[in-house]
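Take a look at the structure set out below.
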Amino acid sequence: MAIFTSQVVAAFLLALPLAHAGSPKTCSNPQLSCQNTTAVSDTCCFNAPGGQLLQTQFWDTSPSTGPSNSWTIHGLWPDHCDGTYDSSCDPSRAYTNITAILQSYGKTDLLSYMNEFWVDINGDDESFWEHEWGKHGTCISTLAPSCYTGYTPQEEVPDFFQKTVDLFKTLDSYTALASAGIVPSSSATYTAAQITAALESAFGYPVTIQCSSGALDEIWYSFDVQGSVQTGTFVPTPPVGQTSSCSSTGIKYLPKSGSPVSTSVPSSTHTTLSTSTKTTSSASSSPTGGSGTFSGSGYLNAITSGSQTGCLISAGTWYTSGTCATYTATASGSGFTLKSSKGSCGISSSKFTCGSSVTATVFTASGGYLSYGGSTMFYAAAVPSGSTQEAISTTSNSVSVSFEWQSK
Ligand SMILES: *[C@@H]1O[C@H](CO)[C@@H](O)[C@H](O)[C@H]1NC(C)=O
Ligand SMILES: *[C@@H]1O[C@H](CO)[C@@H](O)[C@H](O)[C@H]1NC(C)=O
């Protein structure tokens with residue numbers, strides 16, 4: 001009987017397609033890339049020479065790619081600290097089976113996200129991913145196979161794609177621009193100063209914008225990294241050495257023809273969070289729409305980069321692995337107030353809180369999103385995970401997040 005059982009277990013293990021990964025080397029007291037004052041030799045814990053990591057995004061309209069209300073991912077580029085860069089650093093690791101590698105590591109959620117948000121203009125996503133990995137990914141020093149303990153072949157590949165997607169999710173360019181009234185239009189034009197100010201106010205630092213035929217089509221966000229790309233901290237920084245190809249005035253931000261990202265879920269089933277599934281059916285008719293106006297009872301869903309990532313709980317904190325709190329919205333003045341089971345909600349010392357001693361703030365709504373002081377952008381130190389709750393603030397921080405009302 002015991003033999004039979006172990007055979008069954010062995011057969012089951014063999015059937016699992018998942019590779020067992022090693023782990024990135026532990027880094028103690030890592031230095032911030034591009035900010036060192038003496039040479040740093042351990043390039044597994046210090047990104048060099050590519051120490052300025054750029055999360056680059058596309059806005060493709062001809063043809064359109066991705067959702068009509070979200071930017072898409074271009075890549076993650078290790079620029080030198082002066083904006084020059086190396087490319088195609090290790091032809092022996094220029095893999096031509098990115099999809100298969102990600103599947104072999106069980107990264108199906110990552111792949112489905114990439115299929116929606118990391119898309120090739122000619123429809124050949126696999127080739128685009130191979131290009132980004134081979135040209136840029138192989139130049140990231142901390143992703144070298146020698147930087148892993150118990151390295152299993154190609155495990156740096158899922159690390160590269162996962163980190164790029166995780167960063168992209170914190171950089172919601174569409175909402176940053178829309179909050180400043182910069183929305184896609186076939187006729188309107190914007191100045192470079194308007195666009196960069198809107199992005200800087202969301203990101204905290206200047207960014208680099210690119211244009212093609214007079215239309216905005218790329219945004220580059222720069223980071224220095226403390227530690228490895230896999231496990232280190234990405235610290236926003238002003239760009240060094242990159243230049244913009246946009247003219248200063250008359251910039252178009254053309255509409256995409258795709259469908260908007262939909263975050264609506266059937267309200268009857270939405271009592272517990274589900275962060276890994278995104279409902280793409282029943283697209284809302286508004287490009288930035290929530291599923292209702294702020295009145296009666298509802299949930300405040302957190303939206304980063306066009307996808308739902310948890311919601312607010314009763315104290316007004318952001319959580320991704322529990323039950324969403326029910327909020328009551330009541331018309332007041334030119335807007336509405338919000339209340340949870342803890343009490344009234346308000347902005348106090350730049351923080352969103354709900355409690356018995358909180359003075360209710362009159363909020364407004366914009367495109368289905370909660371708005372305060374004319375902006376739908378709120379901030380947190382990080383995207384919460386596990387049992388961590390994040391405080392929500394109106395002053396700039398690492399992560400920008402918007403809140404969509406979902407009627408109960
Ligand atoms: C920072 O470290 C890199 C890698 O060791 C080195 O090439 C560079 O010269 C250092 N920068 C300074 C200012 O010492
Ligand atoms: C991907 O390609 C590499 C290099 O050809 C190969 O060694 C590896 O086994 C492939 N991985 C998968 C999961 O197919």
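Note: Cβ is positioned from N, Cα and C throughout, glycine not excepted.
A TrEMBL annotation is a machine prediction, not a hand-curated record.
The active site annotation in TrEMBL covers His74 (among others). Around the Cβ of His74 (active site), 23 further Cβ atoms fall within 10 Å across all displayed protein chains.
Sequence-distant neighbours of Glu132 (active site) (same chain, 6+ apart, CB under 8 A from its CB) are His74, Gly75, Leu76. The annotation active site is assigned in TrEMBL to Glu132 (among others).
In sequence order, Gly75, Leu76, Trp77, Pro78, Ser87 are the residues near His136 (active site), counting only same-chain partners six or more apart with C-beta under 8 A. Under the three-state DSSP scheme, His136 (active site) falls in the coil class. Feature annotation from TrEMBL assigns active site to His136 (among others).
Here TrEMBL flags 257-288 as compositional bias 'Low complexity'.
Looking only at the domain 'RNase T2-like C-terminal' (293-407), the predicted model's pLDDT averages out at 85. Here TrEMBL flags 293-407 as domain 'RNase T2-like C-terminal'.
Annotation source TrEMBL lists region 'Disordered' at 257-291.
Taken from TrEMBL, the feature signal peptide applies to 1-21.
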Checklist entry - Counting by DSSP, what is the helix, strand and coil composition of the domain 'RNase T2-like C-terminal' (293-407)? => result 0 helix, 64 strand, 51 coil
Checklist entry - In DSSP terms, helix, strand or coil for His74 (active site)? => result strand
